[in-house]
Amino acid sequence: VSADRGSTESSGPVHSWTLELLCFFSQYTDKEEVVLWMNTVGPYHNRQETYKYFSLPFCVGTKKTISHYHETLGEALQGVELEFSGLDIKFKEEVMQTTYCEIDLDKAKRDAFVYAIKNHYWYQMYIDDLPIWGIVGEADENGEDHYLWTYKKLEIGFNGNRIVDVNLTSEGKVKLVPNTRIAMSYSVKWKKSDVKFEDRFDKYLDPSFFQHRIHWFSIFNSFMMVIFLVGLVSMILMRTLRKDYARYSKEEEMDDMDRDLGDEYGWKQVHGDVFRPSSHPMIFSSLIGSGCQIFSVSLIVIIVAMIEDLYTERGSMLSTAIFVYAATSPVNGYFGGSLYAKQGGRRWIKQMFIGAFLIPAMVCGTAFFINFIAIYYHASRAIPFGTMVAVCCICFFVILPLNLVGTILGRNLSGQPNFPCRVNAVPRPIPEKKWFMEPAVIVCLGGILPFGSIFIEMYFIFTSFWAYKIYYVYGFMMLVLVILCIVTVCVTIVCTYFLLNAEDYRWQWTSFLSAASTAVYVYMYSFYYYFFKTKMYGLFQTSFYFGYMAVFSTALGIMCGAVGYMGTSAFVRKIYTNVKID
C-alpha cells in the first residue's frame with residue numbers, strides 16, 4: 001500500500017481439500033452480483049488495533065444490506081467484522097465514476113476523520129475473499145489541513161468466470177471542512193488476466209524478504225552449529241563415559257578394603273537417588289505432558305501449512321491450531337499420566353485436570369484480560385460472548401475427555417517405574433560444589449544456545465505476525481524446529497552430566513528448566529523488537545503485544561523443557577543401565 005493510494009493485488013494457492021468447493025462458489029456468470037465487504041479500519045502502526053469500518057463516519061451505499069456471519073472460530077477470534085459496502089458491482093459490468101452516498105460533515109465527524117488521518121488509519125476490504133487495503137486520507141506538509149480520499153477506483157482482473165486479481169486506487173482528495181457535504185464515489189473496471197485462480201494469492205507474498213540470503217545463512221549457520229554441538233557432545237560423552245565405565249569396572253575388581261580407601265566420586269555414586277521422584281511431581285508431570293502436546297501441535301500444524309496454503313483463507317491458521325490442539329489432547333494425558341504414575345503419584349485425576357487446563361487457562365486468562373481493554377476501546381478484537389462459550393465447550397467437552405483417555409492409556413501402558421536402579425529409602429546428602437555447577441546457574445545458561453539457533457527465525461515470525469507480511473516459508477520453520485530440538489537435547493544432556501558428576505541428583509527440574517529458559521531469552525528479544533523494530537503505541541496494542549508474547553514465550557519454554565527432559569531422561573536411563581550396580 002502506498003502512502004496515499006491503496007494498491008492491492010491477488011495471490012497464492014488455495015487448500016487442495018477445499019479447492020473444488022471454493023472454485024464452485026467463486027464462479028460467476030455475467031452480470032452476477034459481486035459483493036464488496038468492508039472489514040476493519042485502524043492505525044497502520046498498530047496492526048491488531050482494528051475497529052469496524054463504519055465506526056468512522058463513512059456512509060453506506062444504497063444497495064440492500066447483506067448480513068455476514070463468522071464462518072470459522074479463527075475468523076471470530078481474529079476480529080474479522082465484515083459489513084456490506086452497499087456498492088452495486090456486477091461481474092464484467094464496468095461502472096463509470098458514480099456517487100454512491102454523501103457525508104454530512106459536522107464538527108464531530110470531521111474530528112473523527114482528522115484523528116484517523118493523524119494516526120495513519122487504513123482500512124481493509126474483501127472482494128471474493130481477496131483482501132484490499134486503502135488509506136483513509138492524508139495531511140498536508142504542515143499538518144494543519146487534512147484531506148479525505150473520496151473516490152475508490154477498483155480494477156478487477158478475471159480469468160474465465162473467476163476473479164483472480166483486485167487493485168484499489170484512492171483518488172478524489174477533498175479537504176475536511178466542517179458543515180459541508182462530501183460525495184463518496186466509486187468506479188469499477190474489469191480486465192482480462194492470465195493469473196490462474198489457484199495462484200491468485202502469490203502477489204501478496206514477499207519472496208525478497210522471506211527468502212533473503214540472511215534467512216538462508218541463518219539456517220545454514222544453525223545447522224552447522226547443530227553438527228558441531230552433536231559432534232562435541234558425542235565426543236566428550238563417549239570419551240568421558242568410557243573412562244567412567246573403565247574406572248567403575250576397575251572398582252568392581254577391588255576388594256572391600258581397597259574400595260573403601262579408593263577415591264570414589266562421580267555420577268555412579270548417586271545411582272540410589274537418580275530415579276527418585278522429582279519435587280512437586282504433579283506440576284512437573286503436567287508440564288511435561290503439556291510440552292509434549294505443544295510439540296505435537298507445532299509439528300502437525302507446520303506439516304499441514306507446508307502441504308496446504310493456510311494463508312489464503314481468513315482465520316484458517318488459528319482454526320487449524322485450535323482443532324489440532326484439541327485432537328492431540330491424548331498426547332498430553334499419555335505422557336503426563338505415565339510420568340506421574342512412574343513417580344508414584346496417587347491423585348491422578350487432579351493431575352489430569354491440571355494437565356488438561358494448564359495451557360488453555362494461560363491462553364484464556366491472557367485473552368480475557370486483553371478482552372477488557374478491547375471492549376473499552378470498542379475494538380473489533382473484542383471476543384464475542386458466543387465465541388467464548390464455544391472455546392469453553394471445546395475445553396470441557398473435547399480436550400478434557402481426550403485427556404482422560406490419554407491419562408488412562410499412559411498409566412496402564414507405561415506407568416510402571418521400571419528403573420534400572422533401586423531408589424534408596426534415605427536421600428543421599430548433596431555435597432558442596434563450585435558455584436557454576438549449581439542448578440540455578442545451569443538453568444540460566446542452558447537457554448542461550450537454543451535461543452541462538454532460532455533468534456533469526458524469530459525475527460521473521462514476529463514480522464509476519466506484528467507487521468504486514470504473510471509467512472509462507474514453513475519449510476524453514478520445520479528445519480528450525482528440528483534444529484531447536486537437537487540443540488536443546490544436547491545442551492540439557494551436557495548440563496545433566498555435569499550435575500550428576502557433581503553428585504547432585506536433582507536433574508529432572510534442572511533439565512526441564514535449563515531448556516525452558518530459552519523462553520526468557522525469547523521474551524527479552526520481544527522487548528528489543530518492540531522498541532527498535534516497530535512503531536506500536538497505545539495501551540491496547542502494547543497490552544496485546546506483551547500479553548500474547550508472554551503466552552508464546554511460555555508455550556515455547558514448556559515445549560523446549562519437555563523436549564529437553566525427554567532426551568535427558570533417555571540418556572540417564574542409558575548410562576545407569578550400562579554400569580554395574582551392587
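These residue numbers are counts, starting from 1, taken along the chain as shown.
Each Cβ is built from the backbone N, Cα and C atoms, and glycine gets one as well.
What you are looking at is a predicted structure, and each value in this text was computed from that prediction instead of being measured.
Annotation source TrEMBL lists transmembrane segment at 214-237, 283-307, 319-341, 353-377, 383-405, 440-462, 474-500, 512-532, 544-566.
Stretch with the largest number of CB pairs closer than 8 A to the transmembrane segment (440-462), among 214-237, 283-307, 319-341, 383-405: 214-237. Comparing 214-237, 283-307, 544-566 for CB pairs under 8 angstroms to the transmembrane segment (474-500), the maximum falls on 214-237. If you look at the transmembrane segment (544-566), the same-chain residues 6 or more away from its ends with a CB under 8 A from one of its CBs are 48-49, 287-292, 294-295, 298, 335, 359, 362-363, 366, 369-370, 373, 381, 446-447, 450, 466, 484-485, 488-489, 491-492, 508, 511-520, 522-523, 526, 530, 536.
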